[in-house]
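To start, the structure itself, in structure tokens.
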Amino acid sequence: MAGEVLRGDRIVNTPFQVLMNSEKKCEVLCSRSNNPMTLTVEQSRLVAERITEDYYVHLIADNLPVATRLELYSNRDSEDKKKEKDVQFEHGYRLGFTDVNKIYLHNHLSFILYYHREDMEEDQEHTYRVVRFEVIPQSIRLEDLRVDEKGSCTLPEGSSSSPQEIDPAKENQLYFTYSVHWEESDIKWASRWDTYLTMSDVQIHWFSIINSVVVVFFLSGILSMIIIRTLRKDIANYNKEDDIEDTMEESGWKLVHGDVFRPPQYPMILSSLLGSGIQLFCMILIVIFVAMLGMLSPSSRGALMTTACFLFMFMGVFGGFSAGRLYRTLKGHRWKKGAFCTATLYPGVVFGICFILNCFIWGKHSSGAVPFPTMVALLCMWFGISLPLVYLGYYFGFRKQPYDNPVRTNQIPRQIPEQRWYMNRFVGILMAGILPFGAMFIELFFIFSAIWENQFYYLFGFLFLVFIILVVSCSQISIVMVYFQLCAEDYRWWWRNFLVSGGSAFYVLVYAVFYFVNKLDIVEFIPSLLYFGYTALMVLSFWLLTGTIGFYAAYMFVRKIYAAVKID
């Protein structure tokens with residue numbers, strides 16, 4: 001699948017011979033005439049380096065990834081002899097381990113395959129299905145293994161053997177061996193992925209989500225009440241038909257009614273970014289919803305990535321339509337240039353960053369690099385599918401009636417009074433970003449763990465809930481911020497509101513740096529570059545998404561309040 005290639009997953013065949021329901025006590029792998037393998041100094045150094053860097057090996061049998069069983073004792077009480085074991089599974093197995101400055105390689109693998117016997121009619125043969133694939137990695141010294149002419153070997157009894165050390169300074173001789181054991185299991189084939197997806201911290205998840213929901217809805221309720229009461233008071237005051245002499249000098253948001261819909265600077269860029277934001281919003285909403293229904297399970301590797309890419313291309317129609325209509329509303333008239341800008345600005349930045357990062361991965365000869373033909377295929381999809389669809393949407397959006405603004409714009413712009421320090425744009429970003437970020441930050445931790453720490457992410461039901469909370473909190477914060485700004489008689493809200501609504505992206509960036517420093521042990525330049533490159537893409541996309549949600553909420557709000565006021 002395209003998504004699999006983009007993620008850097010390449011599947012190759014290994015020399016392990018595993019036959020259905022056929023046991024193997026101990027077999028030697030890739031050994032000619034049963035002589036031990038010799039790792040050259042260069043190979044030994046590379047293996048030692050990979051072990052110290054905590055590399056994992058991933059194998060697949062019948063589309064099931066290999067897992068290492070970890071047994072943790074859940075009861076803290078040491079008196080209790082019958083301690084309950086908490087079984088968790090680690091994705092893949094460790095290449096080796098280090099102990100007192102010595103490096104040891106896992107050179108013997110004990111495969112345990114669990115199968116489910118399907119119930120059949122009496123005269124039919126049974127069919128077997130693999131339902132779990134576990135491995136117990138061991139390190140066994142060359143001298144402790146006895147090998148015969150047929151390639152079979154005998155493992156040492158008990159714990160008498162020593163582990164196989166790898167000395168990076170010289171050649172190392174060793175055997176690679178494996179054994180295969182089959183066990184019958186009650187697990188049905190349909191639920192064979194459940195073991196991989198059991199999470200130990202679902203309760204933390206529930207607790208954090210409920211916490212977020214309560215906090216956000218509580219704050220939302222308070223904000224809505226305050227805004228609605230204040231607005232009612234404002235509108236009632238503005239609409240009083242008393243003598244003009246009796247009323248106090250007017251101040252507040254009614255004063256800027258003749259300028260509030262004045263088109264901002266760079267309307268084409270603003271509408272293009274908002275068009276890309278709508279495109280992203282539609283894509284994310286559909287992907288999370290489909291994944292929540294269980295259609296994008298981890299068993300179909302790369303399905304999530306493939307779906308996201310295709311959906312982003314096809315959502316170009318909606319992105320183009322909204323950008324075209326907004327551009328027309330902002331008195332723009334060069335629609336072809338605007339459509340090209342919408343179709344290339346955000347995707348161009350994403351493609352550029354990915355291409356540069358990919359060049360570094362190519363330089364390292366890593367299998368994680370996206371092959372050149374895939375890059376070309378993505379370019380063809382971008383210019384063959386996305387670009388025409390954006391143009392189509394933009395054309396219809398630009399032809400449609402612009403959004404009707406309830407008040408006319410004056411010829412001469414009014415002067416903006418000097419603003420207080422807290423109306424500064426950066427202060428606004430810090431204030432507006434904290435509530436949406438607080439609502440989703442636990443989920444962010446799990447997403448980061450899935451991306452960078454070799455775990456499966458599958459809790460899309462939680463993610464959908466968090467996404468809804470994010471949309472609600474972004475909309476409300478943005479409405480409050482635009483209300484404050486108009487009360488301060490500053491009518492330049494278009495760009496400012498878009499930037500401020502995406503304020504939580506700043507906190508995501510800060511969190512990503514914190515995560516890098518505290519959770520990851522990355523020391524080399526290229527892995528660090530990859531981490532920050534992909535993080536920059538995430539932050540940019542998140543800023544576009546939240547900025548777009550906030551902008552449209554604020555735009556609807558501004559149109560509503562000015563429609564409710566009588567203006568002479």
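Glycine too: its Cβ is placed from the backbone N, Cα and C atoms.
TrEMBL annotations: computationally assigned, not manually curated.
Straight from TrEMBL, the features:
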- 206-228: transmembrane segment (TRANSMEM)
- 272-296: transmembrane segment (TRANSMEM)
- 302-327: transmembrane segment (TRANSMEM)
- 339-363: transmembrane segment (TRANSMEM)
- 375-398: transmembrane segment (TRANSMEM)
- 426-452: transmembrane segment (TRANSMEM)
- 458-486: transmembrane segment (TRANSMEM)
- 498-517: transmembrane segment (TRANSMEM)
- 529-558: transmembrane segment (TRANSMEM)
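Ranking 302-327, 458-486, 498-517 by CB pairs under 8 A with the transmembrane segment (375-398) puts 302-327 at the top.
Counting Cβ pairs under 8 Å that are 6 or more residues apart, the transmembrane segment (339-363) and the transmembrane segment (426-452) reach fewer than 3 and are not in contact. Between the transmembrane segment (302-327) and the transmembrane segment (272-296), the number of CB pairs under 8 angstroms, six or more residues apart, is three or more, so the stretches are in contact. Here the listed stretches are 206-228, 272-296, 426-452, 529-558, and the one with the most C-beta pairs under 8 angstroms to the transmembrane segment (458-486) is 529-558. Tallying C-beta pairs under 8 angstroms between the transmembrane segment (426-452) and each of 206-228, 272-296, 529-558 places 206-228 first.
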